[in-house]
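Not my notes, these are from Swiss-Prot:
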- Ser101: active site, phosphoserine intermediate (ACT_SITE)
- Ser101, Asp240, Asp242, Asp244: Mg(2+) binding site (BINDING)
- Ser101: phosphoserine (MOD_RES)
Amino acid sequence: MARKYFGTDGVRGKVGEFPITPDFVMKLGWAAGKVLSKKGTKKVLIGKDTRISGYMLESALEAGLSAAGLKAILMGPMPTPAVAYLTRTFRAEAGIVISASHNPFYDNGIKFFSADGTKLPDDVEMAIEAELDHEIKCVESADLGKAVRIEDAAGRYIEFCKSTFPSNLSLEGLKMVVDCGNGATYHIAPSVFRELGAEVIAIGCSPDGLNINDGVGSTAPDALAAKVLECKADLGVAFDGDGDRLVMVDHTGYIIDGDEILYIIARDALRNGRLKGGVVGTLMANMGLELALQTLGIPFARAKVGDRYVLEMMNEKGWRIGGENSGHIICLDQTTTGDGIVAALQVLMAICTAEMPLAKLRSGMSKFPQVLVNVRFAEGKDPLAADAVNQEVAKVEQELAGRGRVLLRKSGTEPLIRVMVEGEHEQQVRDMAQRIAQQVESAF
């Protein structure tokens, strides 16, 4: 059954435009409350990032949940993975995050976690969607839910993050830059690393409601790289607006993406006997990651793009490490979802145990040049079914001879075909991508 409101990561859009309006979000809170109230504790946690619209949407959700008879526990600015963790520890029915992740301040979204800290099952999302088709019907006055604010949520999550780093190790002597993207980790991440012994230079920690992800954070890592070089730091780490993804920078200013972070974490787990199974990446994962893991004898599998699909495949295979090149890293031995701070701590653990700088740890993986070309096509057409396109793809794959990949996929949000080619030689890859793109254009 097709979804009307929920995407792969909740409900998202531009603030003030449907569905991110106060009236719809209030109804969403009520609908979620109706579905969740059939269970036990009738408590729901609400966290948000630092967007100015978060105040408005938090109040709307609170009103809707109260009308359905549920208690709203407000945590204020809190990373997405913190909401997932605290939902479990509070024994709540669900956790709700108000965030649009790495998007600009004028976007926002609502996403849900179930009682065990994982994404809501499809059947629960569909039940909420079904309730949205009904008029709001408030419970009796005596049954209305209350709202309370907890003041120690950040401290609880800081202690959890620190607990994922071995107690016999210390970050003493390490100088690092931490860029919080003016987002939800601003009052948490610097404290985690400082309390573990690191010297921390913090940037992107002055949110004003409008500057989230604005020239800082994991989607703008040049600011981090520049600060690492300026301060002669050992490394840097940057988070996105809601703290579920990261990128890192070594002491030379080289930007380390999610694929390289996966490699570092997996190799360290193998070296220390903690690796269970293999690693899950996505269709967009660099082939350099696959070959580097292959050299170590570590199995690698590709899921569809999206952390939801990565997690699904990890659970299917029983593997504990997975993620995306965008920096969503899932370490199931520690968390139930992507967690930027926890993933950074796994890399820092590898630095400590191997007694190597970050630049040395990532040197075992060489990324292949990867070229992406977007081709717009007319609605109703299917260029991917054209014989000429498939013949050109087959020809390119033959030329790559197993030392590269071709991926064609439709955008999920606009009429675009994304042509991705990767291989060992950049100019060759560019030429191949253009050849395929021309055939796609000719197909309609």
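For all residues, glycine too, the Cβ spot is worked out from N, Cα and C.
Could you place the listed features in the three-dimensional structure?
There are 28 other Cβ atoms within 10 Å of the Cβ belonging to Ser101 (active site, phosphoserine intermediate).
DSSP assigns Ser101 (active site, phosphoserine intermediate) to coil in the three-state reduction, placing it in neither a helix nor a strand.
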Far apart in sequence but close in space: which same-chain residues, 6 or more away, have a Cβ under 8 Å from Asp240 (Mg(2+) binding site)?
Ser101, His102, Gly181, Gly183, Asn213, Gly217, Ser218, Thr219, Leu246, Gly327, Gly340
For the Mg(2+) site given as Ser101, Asp240, Asp242, Asp244, which other residues of the same chain have their Cβ within 8 Å of the site's Cβ centre?
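Here the non-site neighbours turn out to be Asp49, Pro79, Thr80, Ser99, His102, Gly183, Ala184, Phe239, Gly241, Gly243, Arg245, Gly340.
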